[in-house]
Amino acid sequence: MNQTAALEVLHAFYDGYGNSGAGFNGTANCAQDPQTVEACTDRTVRSNVAPLIVPFFPGNPAAQNVANVTLGSLGVENYTAYASVRTTAAIVLSPSLGLPPKWIGTVWTEFPRGISSPAVAMAWANATVANSSYYAEPLPIPHSISAEFVDPAGTASLVVVSFSVGDGFTVGGAKPVYDDINEINRIVPAALAAADPSRAISFAQTGTSALDLAQQTILNESLGLVLPITVILLMVITALYFRAPITPLTAFVGLAIALVLSLGSTVLIGTFITHVDTSALTLEEVFVLGVGTDYSIFLIARYREELVAGRASKDAVVTALTWAGQSVATSGSTAIIATLALAFSGVALLSQWGSVLSVAILITMMASLTLTPALLVLIGPRVFWPATGNRFRTQAATQNARIAGERTYFYRAGRLTQRRPWTVVAIILLMSIPLILVALSVPLSYDYYDQLPSSQPAVQGLQTLGAHYGPGFAFPSYTLLTFSAPLIVGNHTNAREFSEIASLTAIAQTTGGIAQVQSPVGPWGAPLSTWDNYSTAPIATQQDLHALLSAYVGTDGRTVLLTLQTGVSGLSANAISAIQSVESSFSTYQSAHSDVTKVAFGGAAPTTSDLAAQTALATERMVIAVAIGLIIVLFVVLRSWIIPIMAVATIGLSIIWSWAITYLVLGRIFGIALFFFVPTVLFILILGLGIDYNIFLLTRVREERLRGRSSTNAAVEGVARTGGIITAAAIILASAFATLMFGSFALLVAIGFSVAVAVVLDAMVIRTYLVPAALHLLGDRVWEIRPRRPEPVAASRTSDVGRAAEPPTD
């Protein structure tokens, strides 16, 4: 009634009593002239309003008082307050229009005769916004909009930049998105410094594009470090092992060709098959150099062994290629099986790595089996310079004497496993128990961007964003609610649907770990009572609500979007747990409310959770597939089922030990978050690479078996003959992967460390002690082949050692 009284007074004032047209609007000429406007006001009030208040509201003193107050506010007591007329009208009109009085008054003042065109209104609105602050806006900004750009404390503001192409879009060899980001980083600080000499305003840039650029930058830096460091390390280690400076050069001729061809194949894969992540290039360098060096030095070491045994140079090459070449081909095949498993994992990044590495290993293996023997034929024994001529004969005699007397470390290790096999196995298994417990309890990180160093500006920007807007702001999660009926039909809202939204919003908001929920019902939208009274709301309010609803409701009118912001990073394990709790609660709610036809989740945490589940499932399948593939390959080579199974099982111990040690060192000591890809990559790579040392050892054991030795003596001889080269190869491969730790990308650091540790443990503990002990316990019955002749062990070794060594020519 109070509002009606005020409106009636104003209606009579402007339009005249009874719509007579004699009101203020009917006196346009004098009303628009500042000289006559007061007289117009005086005449209008006297003739249309003042005499009619009591008759119009008979017997209603409250309404009469409101009318008198309104009349008083118009300034008619002295008929001189034209501004008061405008202010009072704005106040009274505000509820019916749904607009703030200040905004009505501002527009009225600016356009007293009306707005000539929408363009004029837009130009004035833009200028008004540009010349006012957030807190001085005449038209209040809805919370759902302001909270997206201004932090709760009012001390930070967001500027969102959208790109028309994706991060990976390339034109003319350049990536426009990354170029634009660098340009923003260049011009914005300069512009701020010019506008704010006091430097009170700071600037930070972040987002997925900026973070991806940071990743590419540090990976490019890693590439620049890894290649020279790896080459220098491997050449030094190879030279020290052979005590010859020419030997590593011989090996690296083939590796250089293999690396160039491998990188070329990667370009072809990235151009015609699938996108290739920059991190694949770093891994490819390490693989080619590490694995290729192993293959080459294994061939060269067997060539030297045959020379020491007295064979001619070309015959030594043939024998080396026959036996060591078989090991290299088998090892390369198993490595390709493992990397192909990654290629078909279904996980994008792992698939890219697998595709690149499988081709690189194939090229490297072929180069090792062709170029290295060819170079040995051309160079001959001079490859071991300065150990040529008499010096080589002296070294050969010394080596033969040590072999004959079983005085090497690896002979002693082999005999120990023969004397006390159960003790060796028991000690290793007991050592494994605590490491297995640690490995099973390693906490994993699911935040890919947490793998970037904190020194990167984009990472610092992400931290700043989290400090102002909340840790989960940058990577929110979403819920889609689909109802059986539209939320609005005609000019009426469906109360039941809005009530369901309110209930689900409250459930999500009260779930542990959820910081805030953006919903059409609540602080980010409008109260439930406002939606219930939608049909009777002022037209401006309806328009505002309709505009608000368009940000939450899909084109079908039945699907509603809720945004869930967690209290921690949206990519973290805690965020995943919080969203899973919401999923469970919503599922329970949906089952009891038939009008909620579908609930779906997306965004950061659900996507990461799905990726983690997909990776876990893919890992199980890959491990099984690779293990079966390795067993089949080893069966073909070794003609035994039991030994391949034993070999694969022992590799599992190396992997578990390495994973536990990786967590204890990197996770506990250095505080590095271990990304959930790391155990998958570790398992698959070590299954493919660690089996190499099994192959090097077991093929030599098989060779000794064919010479007539028992399983036990063949194992001892195999360890003694291959222990040194396996250890050297392991150190080389471990050093290659360890170079990844020179970079600052935590994912590659963890992969490099874990693989390096696994390789060293596999070579120095598993291959040296556990496998020989297991072969002794299994006995001759596990070999499904028969020796060609029952040659006595001592005679066999003596015959090998007793041959005069061919003195290499200078």
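Yeah, the Cβs are placed from backbone N, Cα and C, and that goes for glycine too.
Per TrEMBL, the feature domain 'SSD' maps to 249-378.
The annotation transmembrane segment is assigned in TrEMBL to 223-242 (among others).
According to TrEMBL, the transmembrane segment annotation covers 249-274 (among others).
Summarising the annotation, TrEMBL assigns transmembrane segment to 316-344 (among others). Using a Cβ-Cβ cut-off under 8 Å and counting only residues 6 or more beyond its ends in the same chain, the transmembrane segment (316-344) has close neighbours at 291, 294-295, 298-303, 305-307, 350-351, 353-355, 357-358, 361-362, 364-365, 368-369, 373, 376-377, 622, 625-626, 629-630, 633-634, 637, 681, 684-685, 687-689, 691-692, 695-696, 699-700, 703.
Among residues of the same chain six or more beyond the transmembrane segment (356-379), those with a C-beta under 8 A of the stretch's C-beta atoms are 246, 250-251, 253-255, 257-258, 261-262, 265-266, 269, 276, 280-281, 283-284, 287-288, 291-292, 295-296, 299-300, 303, 313-314, 317, 320-321, 325, 328-329, 331-332, 335-336, 339-340, 342-343. Taken from TrEMBL, the feature transmembrane segment covers 356-379 (among others).
The transmembrane segment annotation in TrEMBL covers 422-446 (among others).
Residues or ranges marked as transmembrane segment in TrEMBL: 622-638 (among others). Same-chain neighbours of the transmembrane segment (622-638): 326, 330, 333-334, 337-338, 341-342, 345, 644-645, 647-648, 680, 683-684, 687-688, 691, 694-695, 698-699, 702, 783, counting only residues six or more beyond its ends whose CB sits under 8 Å from a CB of the stretch.
Among residues of the same chain six or more beyond the transmembrane segment (645-666), those with a C-beta under 8 A of the stretch's C-beta atoms are 428, 432, 435-436, 438-439, 442, 627, 630-631, 634, 672, 674, 678-679, 682-683, 686-687, 690-691, 694, 698, 749-750, 753-755, 757-759, 761-762, 765-766, 770-771, 774, 778. Annotated transmembrane segment per TrEMBL: 645-666 (among others), in sequence order.
For the transmembrane segment (672-698), the residues of the chain that approach it from at least six positions outside its boundaries are 291, 294, 298, 327, 330-331, 334-339, 341-342, 345, 347, 349-350, 353, 442-448, 450-451, 612, 615, 618-619, 622-623, 626-627, 630, 634, 637-638, 643, 647-648, 650-651, 654-655, 658-659, 662-663, 666, 718-719, 722, 725-726, 729-730, 733, 746-747, 749-751, 754-755, 758-759, 762-763, 767, 771, judged by C-beta separation under 8 angstroms. The annotation transmembrane segment is assigned in TrEMBL to 672-698 (among others).
Nonlocal intrachain contacts for the transmembrane segment (719-739), taken as residues 6+ away from its ends with a CB within less than 8 angstroms of a stretch CB, comprise 225-226, 229-230, 233-234, 237-238, 241, 286-287, 289-291, 293-294, 297-298, 301-302, 305, 403, 406, 408-411, 413-414, 417, 689, 692-693, 696-697, 700, 704, 751-753, 755-757, 759-760, 762-764, 767-768, 772. Residues or ranges marked as transmembrane segment by TrEMBL: 719-739 (among others).
Tertiary neighbourhood of the transmembrane segment (745-766): same-chain residues 215, 218-219, 222, 279, 282-283, 286, 428, 448, 450-453, 650-651, 653-655, 657-659, 661-662, 665-666, 672-675, 677-678, 681-682, 685-686, 689-690, 693, 726-727, 729-731, 733-735, 737-739, selected by CB-CB distance under 8 Å and a gap of 6+ residues from either end. Taken from TrEMBL, the feature transmembrane segment covers 745-766 (among others).
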> Do any residues of this chain, six or more beyond the ends of the transmembrane segment (223-242), have a C-beta under 8 angstroms from a C-beta of it, and if so which?
Replying inline: 248-249, 251-252, 278, 281-282, 285-286, 289-290, 293, 297, 300-301, 304, 384, 724, 728, 731-732, 735-736, 739-740, 742-743
>> Looking only at the domain 'SSD' (249-378), how are its residues distributed among DSSP helix, strand and coil?
In response: 117 helix, 0 strand, 13 coil
>> If you average per-residue pLDDT over the domain 'SSD' (249-378), what number do you get?
In response: 86
